[in-house]
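Read through the structure below, which is laid out as structure tokens, and then see the notes.
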Amino acid sequence: MSTAPVVVLVGPMGVGKSTVGQQLAERLGVGYRDTDDDIVAEQDRTIAEIFVDEGEPAFRAIEKQAVRRALTEHDGVLALGGGSILDEDTRALLAGQRVVYLSMDVEEAVKRTGLNAARPLLAVNPRKQWRELMEARRHLYEEVATAVVATDGRTPEEVTQAALDALELKDA
Ligand SMILES: Nc1ncnc2c1ncn2[C@@H]1O[C@H](COP(=O)(O)OP(=O)(O)OP(=O)(O)O)[C@@H](O)[C@H]1O
Ligand SMILES: O=C(O)C1=C[C@@H](O)[C@@H](O)[C@H](O)C1
Ligand SMILES: [Mg+2]
């Protein structure tokens with residue numbers, strides 16, 4: 001059966017998609033799904049391993065299929081991998097959806113992600129790499145978003161509430 005998520009979350013690594021996504025799902029009384037988790041389950045290896053074994057383009061191809069599938073299978077809250085919006089076809093699929101872009105500034109990003117080897121794109125110089133990623137991606141997050149919610153200085157609960165307000169969605 002083809003369906004659509006009640007809300008799709010996009011945004012950079014560590015912005016709180018998983019944390020807020022789970023809270024949002026609970027508040028709305030729906031399920032939570034995360035395309036990064038789908039990929040790990042399907043591939044039976046970590047995302048870092050896929051990057052090392054096959055490189056980023058191969059990961060993006062796997063991710064594109066995972067996002068396409070989740071968008072048609074899942075009717076709850078769906079969090080996408082941070083780089084999924086790089087793909088033009090994925091952005092086209094998001095055009096008819098309710099999409100929240102969770103944003104943060106670089107200092108918040110460094111606080112939340114730290115030097116975490118599980119995030120291969122931020123493994124060497126997180127501050128510089130994050131700035132470069134955002135230069136390339138900010139406009140793409142904004143392009144797909146129907147609402148932007150800033151997360152700086154807000155608790156996950158406050159971000160969740162702001163997302164509900166922005167979407168004018170009520171609790172279950
Ligand atoms: N509003 C917030 N304020 C402070 N810390 C937060 C907030 N939201 C999430 N965090 C913390 O930041 C870290 C990253 O959060 P989370 O895993 O939810 O982000 P993400 O966007 O799903 O990241 P990724 O999918 O790239 O791993 C976690 O340690 C989480 O507890
Ligand atoms: O921003 C990115 O490019 C990524 C974000 C993560 O969600 C993972 O999908 C992976 O680490 C790549
Ligand atoms: Mg996550």
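Even glycines carry a Cβ here, placed using N, Cα and C.
Marked as ATP binding site by TrEMBL: GLY14, VAL15, GLY16, LYS17, SER18, THR19, ARG119, ARG154. Residues annotated as Mg(2+) binding site in TrEMBL: SER18. The substrate binding site annotation in TrEMBL covers ASP36, ARG60, GLY82, ARG137.
ARG60 (substrate binding site) carries a helical DSSP state (H, G or I). Looking only at the binding-site residues VAL15, GLY16, LYS17, ARG154, the one with its C-alpha closest to ASP36 (substrate binding site) is LYS17. Spanning the residues ASP36, ARG60, GLY82, ARG137 that the record associates with binding substrate, the maximal Cα-Cα distance equals 18 Å. For ligand 1, the neighbouring binding-site residues among GLY16, SER18, ARG137, ARG154 are GLY16, SER18, ARG154, by Cβ distance under 6 Å. Here the Cβ of GLY82 (substrate binding site) has 21 other Cβ atoms within 10 Å, regardless of which shown protein chain they belong to.
Within 10 Å of the Cβ of ASP36 (substrate binding site) there are 19 other Cβ atoms, across all protein chains. Among the binding-site residues LYS17, ARG154, the residue whose Cβ has the fewest other Cβ atoms within 10 Å is ARG154. On the backbone, the CA of GLY16 (ATP binding site) and the CA of ARG60 (substrate binding site) stand 21 Å apart. The two recorded residues, THR19 (ATP binding site) and ARG60 (substrate binding site), have Cα atoms 23 Å apart. Listed binding-site residues: VAL15, GLY16, LYS17, ASP36, GLY82, ARG137. Those with a CB atom under 6 Å from ligand 2: ASP36, GLY82. The shortest Cα-Cα distance from VAL15 (ATP binding site) to any of the binding-site residues (ARG60, GLY82, ARG137) is found for GLY82. By the rule that a residue counts when its Cβ sits under 6 Å from some atom of ligand 3, the binding-site residues VAL15, GLY16, LYS17, ARG60, ARG137, ARG154 yield LYS17. Most other Cβ atoms within 10 A: among the binding-site residues ARG60, ARG137, that distinction falls to ARG137.
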